[in-house]
Amino acid sequence: MKRSVAVWLLVGLSLGVPQFGKGDICDPNPCENGGICLPGLADGSFSCECPDGFTDPNCSSVVEVASDEEEPTSAGPCTPNPCHNGGTCEISEAYRGDTFIGYVCKCPRGFNGIHCQHNINECEVEPCKNGGICTDLVANYSCECPGEFMGRNCQYKCSGPLGIEGGIISNQQITASSTHRALFGLQKWYPYYARLNKKGLINAWTAAENDRWPWIQINLQRKMRVTGVITQGAKRIGSPEYIKSYKIAYSNDGKTWAMYKVKGTNEDMVFRGNIDNNTPYANSFTPPTKAQYVRLYPQVCRRHCTLRMELLGCELSGCSEPLGMKSGHIQDYQITASSIFRTLNMDMFTWEPRKARLDKQGKVNAWTSGHNDQSQWLQVDLLVPTKVTGIITQGAKDFGHVQFVGSYKLAYSNDGEHWTVYQDEKQRKDKVFQGNFDNDTHRKNVIDPPIYARHIRILPWSWYGRNTLRSELLGCTEEE
C-alpha cells in the first residue's frame, strides 16, 4: 500500500501536540486513521506514515483530488473512494485496532482486505471435483475437467452408454463402408451387429476383405457430448478377430468430417484397440467432442476388421446420467407401485416394483401391475428434489410371453401426495411418451424441459400382454 509520509519535528506544545516525557514517543500512537508512528532522531520528534487518502502531521485529514491541476482539499472518508476493485465505501463508525477510520469497504465477490485490495484464490478451497484442475482467475476460477466429467466444478459425470448395446441406437443409425459376406454369402456381418456384448453365431460387424479404408459410423440423431468408446472383437468361424488400433472422426452433418487429434497438436490420435476377441477395452476422449456423427476407422486388425462397440457420453446439458435403478443406488424401498401381479397366483412368481430395474435378469425380472388399466403406476422416490432429463424403459417375458408398455405418461411430486402430469408444451395437454416395441430393447425418451421433483411416477397408457416394465431414470442432483 502506498503511504504519504509527513515528517514533523514536534517540540513541546509549539505545534499543538502535547510534550511527551521520556519513553516511547509513539505510545500511545499519535497518528490517526491507521497511520504508523515512526520515532525521530531528536528527542520528542516523530513522523506519521499515513495511508492513502490521509494527510496532515498526524494523518487527521482526508485528501480529495479533483484533478491533476487542483490542490488537494479535505472531504469525507469515502472521497475519493479508498476501496479497490469495485469495492463500495460506506460511512461507518468503524475502528481498525484502536484507530477510528470512519468508513468500511464492502468488497465484491472474489476480493477481500481492508480496501478490497486482495484477489481471493478460489482454488485454495479445491472447488474442482473428480480430478478437475483449478485455475485461479481475477475474482473467479475455472476447472479443466477430465473427459468423462463436466460442469462448472466437474460435478456432472458424462460417461454413460449412448445406446448401441442396449438398442436405443437403432439399426438404421449404424452404417459402414462395407459388409463381409461368408459361406457363399449366407453369413452377412452387418454394421448393426456391432453392439457391445452381442451374442450369437453372427454377433459383430466385419468389413469386407477388399475394403482398403473401412469405417463404421454412428448417427446419434442429435448433437451429443461424446467422451469415450468401448471396443470388443469377436470370433468368426472359430477364429479370433479384432481391431488392434483405430482413429476417430466426427461430424455434425455427416458430410464434413474432422479427425480427433492428439491434444495440442495437429496429429491424428491413434487409439489402442483390443488384444483378444472378447475383452472390452475403453478409451476416453480428453477433451471430449460434441457431434451428431461418429466414425471409427480401423488401422491395424487381426485377420479381418471385426468389431462390437459402445459410445460413451451424455446429452449436451451434461445432466443425463443414470440415477440408480440399474445400479441399485435407488434402493428397493424407494420403488413402489399401484398393484402387483403373481404368475399362477404363486408368491414365488411375484412381479414386484423393486424388480423394475433396467436389464434385470431372472425368471421374474420386472414389475407387472395386477390390473391392466390406465390407473396403474410405478413410483420412484429420489429422496431429494432432482433434475430428471430422461427415462429408459424395457419390457420382459413371463414364461415366454412377451410383455411391455407401449406408451406411458409421467407425473411428478415433491410431497408424494399432490401430483402433476407432465405436459406437452406445444399441444398443452398430457404428454404421451412412446414406449417399447418388444420385451428387451431399450427405449429412451428425453424429458425436455426437464422435471424438477423428488417423486416420479410412470403411468402406463398402452401395453402388450401386461403392464410390464424395467426402467432407468436419467438426470442429476444439481450442484453449484
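Glycine residues also receive a Cβ, built from the backbone N, Cα and C atoms like all the rest.
Quick look at what Swiss-Prot lists:
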{"type": "SIGNAL", "residues": "1-23", "note": "signal peptide"}
{"type": "DOMAIN", "residues": "24-60", "note": "domain 'EGF-like 1'"}
{"type": "DISULFID", "residues": "Cys26-Cys37", "note": "disulfide bond"}
{"type": "DISULFID", "residues": "Cys31-Cys48", "note": "disulfide bond"}
{"type": "DISULFID", "residues": "Cys50-Cys59", "note": "disulfide bond"}
{"type": "DOMAIN", "residues": "74-117", "note": "domain 'EGF-like 2'"}
{"type": "DISULFID", "residues": "Cys78-Cys89", "note": "disulfide bond"}
{"type": "DISULFID", "residues": "Cys83-Cys105", "note": "disulfide bond"}
{"type": "DISULFID", "residues": "Cys107-Cys116", "note": "disulfide bond"}
{"type": "DOMAIN", "residues": "119-155", "note": "domain 'EGF-like 3'"}
{"type": "DISULFID", "residues": "Cys123-Cys134", "note": "disulfide bond"}
{"type": "DISULFID", "residues": "Cys128-Cys143", "note": "disulfide bond"}
{"type": "DISULFID", "residues": "Cys145-Cys154", "note": "disulfide bond"}
{"type": "DOMAIN", "residues": "158-314", "note": "domain 'F5/8 type C 1'"}
{"type": "DISULFID", "residues": "Cys158-Cys314", "note": "disulfide bond"}
{"type": "DISULFID", "residues": "Cys301-Cys305", "note": "disulfide bond"}
{"type": "DOMAIN", "residues": "319-476", "note": "domain 'F5/8 type C 2'"}
{"type": "DISULFID", "residues": "Cys319-Cys476", "note": "disulfide bond"}
Entry from the disulfide-bonded residues list Cys26, Cys123, Cys128, Cys134, Cys158 having the most other CB atoms no farther than 10 A: Cys158
CB within-chain contacts under 8 A for Cys314 (disulfide bond), separation at least 6: Met150, Tyr156, Lys157, Cys158, Ser159, Gly160, Met224, Arg225, Thr227, Ser320, Glu321
Between Cys78 (disulfide bond) and Cys123 (disulfide bond): CA-CA distance (Å): 32
Cys476 (disulfide bond) CB neighbourhood, other CB atoms within 10 A: 21
The domain 'EGF-like 1' (24-60): DSSP-derived helix, strand, coil residue counts: 0 helix, 12 strand, 25 coil
Those disulfide-bonded residues of Cys26, Cys50, Cys107, Cys301 having Cα within 10 angstroms of Cys89 (disulfide bond): Cys107
Cys31 (disulfide bond): nearby disulfide-bonded residues from Cys37, Cys78, Cys301, Cα cut-off 10 Å: Cys37
Number of Cβ atoms other than its own within 10 Å, given for Cys305 (disulfide bond): 32
Spatially closest candidate among Cys48, Cys50, Cys319, the listed disulfide-bonded residues, to Cys78 (disulfide bond) (Cα to Cα): Cys50
Rounded distance in angstrom between the Cα atoms of Cys301 (disulfide bond) and Cys83 (disulfide bond): 67
Spatial separation of Cys128 (disulfide bond) from Cys154 (disulfide bond) - C-alpha basis, Å: 6
Helix-strand-coil residue split for the domain 'EGF-like 3' (119-155), DSSP-based: 4 helix, 13 strand, 20 coil
Integer average pLDDT (0 to 100) for the domain 'EGF-like 1' (24-60): 78
Cys107 (disulfide bond), number of other Cβ atoms within 10 Å: 22
